[in-house]
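Colleague: The substrate binding site annotation in TrEMBL covers Arg97, Arg107, Arg135, Asp221. What TrEMBL lists as Mg(2+) binding site is Asp221, Asp245, Asp249. Per TrEMBL, domain 'Isopropylmalate dehydrogenase-like' is recorded for 4-346. Residues annotated as site 'Important for catalysis' in TrEMBL: Tyr142, Lys189.
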Amino acid sequence: MKLNIAVLAGDGIGPEIVTQAQKVLDAIAAKYHHEIIYSPALVGATAIDQLGDPYPETTHEVCMNSDAVLFGAIGDPKFDNDPKAKVRPEQGLLAMRKKLGLYANIRPVATFPSLLDKSPLRLDIVEGADMVVVRELTGGIYFGEKGRSEDLKKAFDTCTYTTEEIERILKLAFSYAGKRDKRLTVVDKANVLATSRLWRETAQAMEPAYKDIEVDYMFVDNAAMQLIQWPKKFDVIVTENMFGDIISDEASVITGSLGLLPSASVGVHTSVFEPIHGSYPQAAGKDIANPVATVLSAAMLLESLDLLEEAQLVREAVNKSLEEGIVTEDINKEKPYKTSEVGDWLAKYIAG
Ligand code: IPM
Ligand code: MN
């Protein structure tokens, strides 16, 4: 198979971790006789510095022409500390989501048996936790009308959803649940918000078409509490953009290994695969960042193209590396491996 992969390495540790994922993909390509063509493109602070735009049109073209996008990270403290900055790297991310129609963000959260002691939660609470958070990504308060009054003393952000937007993400969430433990939790704030009531109404109307799925509804505050009290009770969680932003960060700490968790943003035109962590600027260029979340994102990329055996081998390589202690300093301070060493080890394991 011939694969066109857009590579948006971005800022901070982005380039280093993406390089390791490419090593892994190259090893897969060699073993299974695929041809991968990488098209690099600028995004984030790097793109602002070079072209004045965090998601330039040229980058959008590269993504549109790809089978999938491998994404590193964006963000640079020089923008965070400047409240007057006119363009910010994060705007690039939002523009990319909107223009590629990336309406669903999928974050699988599962514990790694060899790393259970990394969780801030008690072992008996987290052992066996395995869930997927499906977050709506192109609607809601992130993209609604927003502004300031003339005297600047009032500001507003509007949350809007249409039935169509809700249906398409629910469809995806139902289908994930169907392939897993067949339990779906719809998270909302239907006791307060009109948009949440539309979400609930829409989900209820869809339930009869998915008789084998057990659906429950939970207010977001309650869900935030139950997630860390009984994480095992969740299989697939589906929710709107802002709640999903918060809930998915919360869910990610259950495993205690932020550097290990991948994500996929599924789109109308193409899909984007990226680690859930940020650009970790303090570690940039030091060859110490954990590349595993990006490598597992590459596994999700392979899966999305139906290369299931290939994806499975990547996961196997990662599990083996964790068992054998081939890990970066965030996992083992006493005996840390470098970012590049972990990438080399994984590629070699795959080569067999
Ligand atoms: C995420 C991030 C983004 C979001 C920011 C950087 C705009 O937190 O991908 O979850 O809020 O969606
Ligand atoms: Mn977030």
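Along the chain as shown, the residues are counted starting at 1.
Here the Cβ of each residue, glycine as well, is placed from N, Cα and C on the backbone.
As the structure is a computational prediction, the values presented were derived from the model and not from experiment.
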Colleague: On a simple 10 Å Cβ count over all chains shown, which one of the binding-site residues Asp221, Asp245, Asp249 is most densely packed?
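Modeller: Highest number of other Cβ atoms within 10 Å: Asp245.
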Colleague: Mean pLDDT for the domain 'Isopropylmalate dehydrogenase-like' (4-346), rounded to an integer?
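Modeller: Result for the domain 'Isopropylmalate dehydrogenase-like' (4-346): average pLDDT 96.
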Colleague: Looking at the binding-site residues Arg97, Arg107, Asp221, whose Cα is closest in space to that of Lys189 (site 'Important for catalysis')?
Modeller: Asp221
Colleague: Of Arg97, Arg107, Arg135, Lys189, Asp245, the recorded positions listed, which put a C-beta under 6 Å from ligand 2? Please answer none if none do.
Modeller: Asp245
Colleague: Nearest to Arg135 (substrate binding site) in three-dimensional space, by Cα, is which of the recorded positions Tyr142, Asp245, Asp249?
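Modeller: Answer for the nearest of the recorded positions: Asp245.
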Colleague: Quick one: largest C-alpha distance among Arg97, Arg107, Arg135, Asp221, binding substrate per the record, in angstrom?
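Modeller: Comparing all Cα pairs, the maximum is 27 Å.
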Colleague: Count the other Cβ atoms sitting within 10 Å of the Cβ of Arg107 (substrate binding site), across every protein chain shown.
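Modeller: That number is 22.
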Colleague: Near ligand 1, which of the recorded positions show up if the criterion is a Cβ under 6 Å from one of its atoms? Options: Arg97, Arg135, Lys189, Asp245, Asp249.
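Modeller: Correct list: Asp245.
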Colleague: Radius 10 Å, atoms counted are CB only; among the recorded positions Arg97, Arg135, Lys189, which position scores highest?
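Modeller: That would be Arg135, with the highest Cβ count within 10 Å.
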Colleague: Would you mind listing, in sequence order, the residues at least six apart from Tyr142 (site 'Important for catalysis') in the same chain with a Cβ closer than 8 Å to its Cβ?
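Modeller: Same-chain residues close to Tyr142 (site 'Important for catalysis') (Cβ under 8 Å, separated by 6 or more) are Leu94, Asn241, Met242.
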